[in-house]
Amino acid sequence: SGSLLGMCLIVRIITGLFLAAHYTADTSLAFNSVAHTCRNVQFGWLIRNLHANGASLFFICIYLHIGRGLYYGSYLNKETWNIGVILLLALMATAFVGYVLPWGQMSFWGATVITNLFSAIPYIGQTLVEWAWGGFSVDNPTLTRFFALHFLLPFVIAGLTLVHLTFLHETGSNNPLGIPSDCDKIPFHPYYSTKDVLGFALLLTPLIALALFSPNLLGDPENFTPANPLATPPHIKPEWYFLFAYAILRSIPNKLGGVLALAASVLVLFLIPLLHNSKLRSMTFRPLSQILFWALVANLLVLTWVGS
C-alpha cells in the first residue's frame, strides 16, 4: 500500500500544479476561478475531479497502510513509524487547507470551525487564532496563506516520504509472520515492479470511475454556494475521511476537551511502539489482539457513520 500512496501523491502534485496555474487565491475570485477551470480550461473539469477525488483514495490508502502496520507490528521500526505518523498529520493538514481553496460555503465554515479550535488553548488561544487568520475572521489573508500552505505541504510530504523510505531500508520491511525474510529476497524488477503496477491499475480504476461517473458523490453540495460569512450552513461537517475525528470532537461537550480528544485520536499512534508487550511481532498468531484490532476498525467505521 506504500507504493499506492506514492502514486496518489504524484498524481495529486501533477493535477495540483495544473490547477494552481488557473487558480486565483482571492476571496472575490477564488470561487469563479475554480468554475472557470471546470468550464473553460481544456480538460479542466477532469483535472479538478481527479484532484478532488484523489484525496479520498489517498486517505483510503493511508488508513489501510496504518492498519496493516498496526496488525503486523511494523511500528517496531520506530523511526519509520514516527515519520509515518508525521506524514499522516501533514496529509491531514494539506487536505484541510486544500478544502478551503474553492471558497464555497463548506470551505469557509469548515475553515472557521477548525481554526477556531485553537482558541480553546488556554491563555494564548485567541491570539493564536487571530494570528492564523491574519485578522478577526476567516478572510482574504486566510485564503492566500492557505493556498501557499497547500502548495508547499505536498512537497514537504514528498521529502518526508524519502526519509520514511530511507529509515525503512535500514532494516528492510516486515512480513506477515514477523520473522526475518532475508532468505526470501527477490529482485525488485520484474517481481515488485509488476506487483506495484497491478496495484496502480487497481487504484486508478476506481479513481477514474469516480471522477468520470459521479465526481460529486463524496463532496458536499453546500460547496456549490459561494462563501457567505452571514449565512451558516445547517450542517457543518468535513469530508468523509475526517468524520471519525469530527465525531470525537463533537461528542465531548467541552471545547478544550473535544480538541484534546481529537488530537489524541491521531497522536495516540506515537504511543503504539511503546505499548508493544508481546514476544510475537505480528498479530497473525494472537487471536485476542486480533479481536481488539478488528474492534478498533469497527469503532472507526461506526464513528465515521455517526459523524455524518
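Note that Cβ sites are derived from N, Cα and C of the backbone, with glycine treated the same way.
Taken verbatim from Swiss-Prot:
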BINDING   H51, H150  heme b b562 binding site
BINDING   H65, H164  heme b b566 binding site
BINDING   H169  ubiquinone binding site
TRANSMEM  1-21  transmembrane segment
TRANSMEM  45-66  transmembrane segment
TRANSMEM  81-101  transmembrane segment
TRANSMEM  146-166  transmembrane segment
TRANSMEM  194-214  transmembrane segment
TRANSMEM  256-276  transmembrane segment
TRANSMEM  288-308  transmembrane segment
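Where Swiss-Prot records a feature, it is marked here on the structure.
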residue	record	DSSP class
H51	heme b b562 binding site	helix
H65	heme b b566 binding site	helix
H150	heme b b562 binding site	helix
H164	heme b b566 binding site	helix
H169	ubiquinone binding site	helix
Neighbourhood of H65 (heme b b566 binding site) by C-beta distance under 8 A, where only residues 6 or more apart in the same chain count: S1, G2, L5, G84
Maximum Cβ pairs under 8 Å to the transmembrane segment (194-214) - stretch from the list 1-21, 45-66, 81-101, 146-166, 288-308: 45-66
Sparsest-packed of the listed binding-site residues (H51, H150, H164, H169) - C-beta count within 10 angstroms: H169
Among 45-66, 81-101, 146-166, 288-308, stretch most in contact with the transmembrane segment (1-21) (C-beta, under 8 angstroms): 45-66
